[in-house]
Amino acid sequence: MTNQQDYTQDNDKLYRYLFQHRAVRGEWVRLNKTFTDTLNTHQYPKAVQDLLGEMMVATNLLTATLKFAGNITVQIQGDGPLRLALVNGNDQQQIRALARVDGNITENMSLHNMIGKGVLVITIAPKEGERYQGVISLDKPTITECLEDYFVRSEQLQTQLIIRTGEYEGKPVAAGMLLQIMPDGSGTPEDFEHLTTLAATVKDEELFGLPAEELLYRLYHEETVNLYPAQDVQFFCGCSAERSSSALLLISDEEIDEILAEHKGRIDMQCECCGTHYFFNKEAIEKLKSTRV
């Protein structure tokens, strides 16, 4: 078995695993630097940080179930002090997240009080083929419970999600597990209940501080678990000067000139996700205008 002191080897990793004698599949993910990189450029309230961590882990686990190249967006929109929380991840486990806050959010504020009247929207976008979008009612106390209900309703698959956020050794961390009965119909409710009962005993410090192999052994030492190679997880925004230029081209020349005059001849565009600044002076703007068709 892996030594507990080596837990960092599985930081920012996602694992898939199967049970040899039970038709249930599993996933495990832990976000360390990925989560920290997401929070570093924002001063989100603690409750929003925790919610984003929960959504990021859920998105990683969801994208790991994809059988095609593409991405998944998990988005909350509401009329409460948390106007928007959005996470986007792809099949390469590249992920980004952002939130928009308009009002006071206390540390222990509930999901419903943060969001008010709102919905959870999941968008699945294959690189090839049609997009699928599902709208989920936020009628459960947590996003995790709402997503479990989504799996049962949309895919008719029994699914357990265990997601925790917090700190480990003084640093933010978010981690989670997914258990799902196999879609081929060979799994039994009894097998699923047995494994989910064991998974529910997991402690925060185990999710945050153990390598995947050791954690699974502690939970399922009487089972034969086939653990597949890890996939790296990383924060990846995807913004660029080119994309900022394209956004400017959506504005009329007159509006651009007004912005230039107001900001002393320089436009500063900041990425809402990662905080990167893109600057355009008058010369760059004139060159950009000349590219209009």
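Placed from the backbone N, Cα and C atoms, the Cβ positions cover glycine too.
Annotation source Swiss-Prot lists disulfide bond at CYS237-CYS239 (among others), citing sequence analysis. Classification of CYS239 (disulfide bond) by DSSP places it in coil, neither helical nor stranded.
Remark: CYS274 (disulfide bond) has THR41, ARG96, PHE235, CYS237, CYS239 as non-local neighbours, by Cβ distance under 8 Å and separation of at least 6 in sequence. Feature annotation from Swiss-Prot assigns disulfide bond to CYS271-CYS274 (among others); the stated evidence is sequence analysis.
Remark: CYS271 (disulfide bond) has CYS237, CYS239, SER244, HIS277, TYR278 as non-local neighbours, by Cβ distance under 8 Å and separation of at least 6 in sequence.
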